[in-house]
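Under the heading active site, proton donor/acceptor, TrEMBL lists HIS133. Under the heading active site, proton donor, TrEMBL lists LYS137. Summarising the annotation, TrEMBL assigns NAD(+) binding site to GLY10, SER11, LYS12, GLY13, ARG14, MET15, ASP35, GLY76, THR77, THR78, ALA100, SER101, ASN102, TYR103. According to TrEMBL, the feature (S)-2,3,4,5-tetrahydrodipicolinate binding site maps to HIS134, GLY143, THR144. Per TrEMBL, the feature domain 'Dihydrodipicolinate reductase N-terminal' maps to 4-103. Here TrEMBL flags 106-242 as domain 'Dihydrodipicolinate reductase C-terminal'.
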Amino acid sequence: MSDIKLLITGSKGRMGQAIIRAAEAQNVTVASTVDVGDALSPALAKADIVIDFSSHTFCDELLGECLKQGKSLVIGTTGHTNEELAHIREASKALPIVFASNYSVGVNTLFWLTRKATELLGPDFDLEVVEMHHRMKKDSPSGTARTLVEILADVRGLEYDKDCKHGRFGDVGARTPKEIGVHAIRGGDVVGDHTVIFANVGERVELTHKASSRDTFATGSVRAAQWLAGKPAGLYDMQDVLGLK
Ligand SMILES: NC(=O)C1=CN([C@@H]2O[C@H](COP(=O)(O)OP(=O)(O)OC[C@H]3O[C@@H](n4cnc5c(N)ncnc54)[C@H](OP(=O)(O)O)[C@@H]3O)[C@@H](O)[C@H]2O)C=CC1
Ligand SMILES: O=C(O)C1=N[C@H](C(=O)O)C[C@H](O)C1
């Protein structure tokens with residue numbers, strides 16, 4: 001039996017329910033749960049580490065309470081504003097935080113491969129990211145697609161906010177070598193598909209990951225919580241947890 005005690009936030013959601021099952025399967029204690037309408041402070045007092053897959057709108061309240069009580073965080077929620085992202089970075093100066101847009105082993109391997117392929121293929125290849133998710137997903141593009149674009153941008157010396165083209169519509173003109181396209185498809189019950197396209201004249205490379213179960217994210221987040229126990233304050237990601245850096 002692991003001796004960490006978890007608070008699961010967003011506990012009634014698709015991921016929250018999967019994480020409660022994953023914790024039980026890994027003999028990790030879920031000490032408390034929080035969803036809309038529940039009081040955070042007393043629930044947090046019962047736990048050492050929070051696993052948060054809720055909504056970005058909960059971010060500031062959660063960070064504030066974790067700072068007050070000195071609790072560690074595993075954040076899986078996506079779709080944060082730039083301001084909320086800055087608050088997570090600030091909080092990580094005082095708290096150990098794992099923050100990852102995707103907790104699956106496969107996608108974190110895709111992150112690694114994407115960096116490697118971008119470096120190897122060089123500047124002649126056009127870069128595009130396509131993602132598909134279930135009809136209930138609220139944020140777009142997915143956090144994983146954003147991370148993929150950030151990796152591509154980092155290798156090419158580009159910036160997510162400036163150089164990412166979210167879909168294309170109308171008389172947008174010819175593609176420039178400085179842009180990275182990202183395209184979000186929504187429908188049905190798709191758990192999460194991501195493809196990175198490297199397109200040159202005469203050839204194309206595509207790297208694809210397809211998740212068929214949320215258990216892969218849930219198991220990864222519990223693993224991240226176990227890894228985080230006893231770590232110093234800092235901002236970590238799932239590649240740190242998996243030793244892929
Ligand atoms: N990093 C990763 O590996 C993954 C990340 N995700 C991300 O996790 C998040 C949740 O996804 P998913 O489980 O599918 O979504 P759901 O909508 O199924 O679950 C979210 C839950 O959080 C609740 N919630 C919303 N606001 C608050 C709040 N202020 N306080 C407490 N609870 C709140 C929701 O309640 P209500 O329905 O009433 O709003 C809901 O029960 C999303 O941002 C998603 O992108 C998902 C999968 C993997
Ligand atoms: O909302 C989801 O479902 C998912 N969200 C994450 C994201 O936005 O990248 C991860 C996964 O693809 C499923």
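Backbone N, Cα and C define each Cβ position, glycine as well.
Feature annotations (TrEMBL) mapped to structure.
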residue : record                                          : CB count, 10 Å
GLY10   : NAD(+) binding site                             : 22
LYS12   : NAD(+) binding site                             : 15
ARG14   : NAD(+) binding site                             : 16
ASP35   : NAD(+) binding site                             : 14
THR77   : NAD(+) binding site                             : 23
ALA100  : NAD(+) binding site                             : 27
HIS133  : active site, proton donor/acceptor              : 25
LYS137  : active site, proton donor                       : 18
GLY143  : (S)-2,3,4,5-tetrahydrodipicolinate binding site : 19
THR144  : (S)-2,3,4,5-tetrahydrodipicolinate binding site : 25
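Under a cutoff of 8 A between CB atoms, and with a sequence separation of 6+ in the same chain, the neighbours of ASN102 (NAD(+) binding site) are ASN108, PHE111, GLY143, THR144, THR147, GLY192, PHE217, MET238. The domain 'Dihydrodipicolinate reductase N-terminal' (4-103): residue composition by secondary structure is 42 helix, 23 strand, 35 coil, according to DSSP. Residues HIS134, GLY143, THR144 make up the record's (S)-2,3,4,5-tetrahydrodipicolinate site, and a Cβ search at 8 Å around their centroid adds THR78, SER101, ASN102, GLU131, HIS133, LYS137, ASP139, SER142, ALA145, GLY192, HIS194 from the same chain. For the domain 'Dihydrodipicolinate reductase C-terminal' (106-242), the model gives a mean pLDDT of 98. Counting in whole angstrom, ASP35 (NAD(+) binding site) lies 17 from the residue listed as 'active site, proton donor' by their C-alpha atoms.
With respect to ligand 2, the recorded positions GLY10, THR77, LYS137, GLY143, THR144 contribute LYS137, GLY143, THR144 as residues with a C-beta closer than 6 angstroms to one of its atoms, given in sequence order. Around the Cβ of HIS134 ((S)-2,3,4,5-tetrahydrodipicolinate binding site), 13 further Cβ atoms fall within 10 Å across all displayed protein chains.
Residues of the domain 'Dihydrodipicolinate reductase C-terminal' (106-242) grouped by DSSP class, helix first, strand second and coil last, total 53 helix, 39 strand, 45 coil. If you measure from the Cα atom of ALA100 (NAD(+) binding site) to that of HIS134 ((S)-2,3,4,5-tetrahydrodipicolinate binding site), you get 20 Å. Of all the recorded positions in the record (HIS133, HIS134, LYS137), the one with the smallest CA separation from LYS12 (NAD(+) binding site) is LYS137. Taking the C-alpha positions, the distance from HIS133 (active site, proton donor/acceptor) to THR77 (NAD(+) binding site) comes to 15 Å.
Cα of ARG14 (NAD(+) binding site) to Cα of the residue listed as 'active site, proton donor': a distance of 11 Å. For the pair LYS137 (active site, proton donor) and THR77 (NAD(+) binding site), the C-alpha distance works out to 12 angstrom. Rounded to a whole number, the distance between the Cα atoms of HIS134 ((S)-2,3,4,5-tetrahydrodipicolinate binding site) and THR77 (NAD(+) binding site) is 16 Å.
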